[in-house]
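Novice: Mind looking over this structure? Questions follow.
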């Protein structure tokens, strides 16, 4: 109880019907996420033709999503059943840490997937091909940096506290301490605004490169008096463009999933009077659903 901010005490308990609905949602998304990401990892790791450097990033994305749901699904089921957090303050902090860690690793893995598509499509033969060693270094850097940022609240830079709905835990966005808020400013930049900027930059040039390529193909076909000009190289480029669309869809879904949680953090800092326990539910509902999207998108591909 000492970890719960006074702001939440002004609100009555949530409608009891919310908890069964949350439990059903978590059961549905948990099973889908664990099964989907496990199949993704198994297929990519056991199919020789799919064991490419670029697909190592896909496997890492599936692993981060699988780890998120594997560690957060059981506690959520327990708290929804008892209508409150019953697992103690220490596990509350561990729970929040793992959620932030997997979310951070997920977004930066997708940033690297996007950058790889940019390198292949925009730079083409002039770009340095992605090697297994380079992909492994990218993956290692994702986890090391994500761990460093998410460990900070354990050392006094912000803290992990129960959410207002008492079914989960996260960063303390209600604290008015300047040091605590500075963590949220920097962390928001690190896991949201900077990745978004990089992603937009890459896709602007990817779209330009694809448009220029298609125009060149049409002009060449017109000169030769045929309807289309599709040789082996063109087919390869077309496949790369298809993969880029898949990656862009996945990144877009990720930002749709995590934007509500970002808004909750910022509303908590600057307009807390508008923030009720019910609203805090939507942040992690969208965030948890994100872990289901990725295996579906890549399975279709």
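Glycine residues also receive a Cβ, built from the backbone N, Cα and C atoms like all the rest.
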Novice: With respect to the membrane, are residue 44 and residue 276 annotated by Swiss-Prot as being on the same side?
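Specialist: No - Swiss-Prot names a different topological domain for residue 44 than for residue 276.
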Novice: If one looks at the chain holding residue 288 (N6-(retinylidene)lysine), which residues at least 6 apart in sequence have a CB under 8 angstroms from its CB?
Specialist: 26, 29, 33, 68, 69, 72, 76
Novice: Give me the DSSP three-state residue breakdown of the topological domain 'Extracellular' (156-182), ordered helix, strand, coil.
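Specialist: Split by secondary structure, the topological domain 'Extracellular' (156-182) comes out as 5 helix, 6 strand, 16 coil.
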Novice: Are there 3 or more C-beta pairs under 8 Å linking the transmembrane segment (183-204) with the transmembrane segment (56-78), counting only pairs at least 6 apart in sequence?
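Specialist: Counting Cβ pairs under 8 Å, fewer than 3, so no.
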Novice: What stretch in 19-43, 93-115, 183-204, 279-300 has the biggest tally of Cβ pairs under 8 Å against the transmembrane segment (135-155)?
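Specialist: Maximum Cβ contact count belongs to 93-115.
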Novice: Identify, in sequence order, the residues in the chain of residue 169 (disulfide bond) that are 6 or more apart from it along the sequence and have a CB within less than 8 Å of its CB; answer 'none' if there are none.
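Specialist: The answer is 85, 92, 93, 95, 96, 99, 160, 161, 162, 163.
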Novice: Name, in the order they occur in the sequence, the residues of the same chain whose CB lies under 8 A from the CB of residue 165 (N-linked glycosylation site) and which sit 6 or more residues away.
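Specialist: Expected: 14, 18, 277, 278, 280, 281.
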Novice: The transmembrane segment (246-267): which same-chain residues, six or more beyond its ends, come within Cβ distance under 8 Å?
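Specialist: Residues 61, 103, 106-107, 110-111, 113-114, 117, 170-171, 173, 184, 188, 191-192, 196, 199, 203, 206, 274-275, 279-280, 282-287, 289-290, 293-294, 297-298, 300-301 contact the transmembrane segment (246-267) from elsewhere in the chain.
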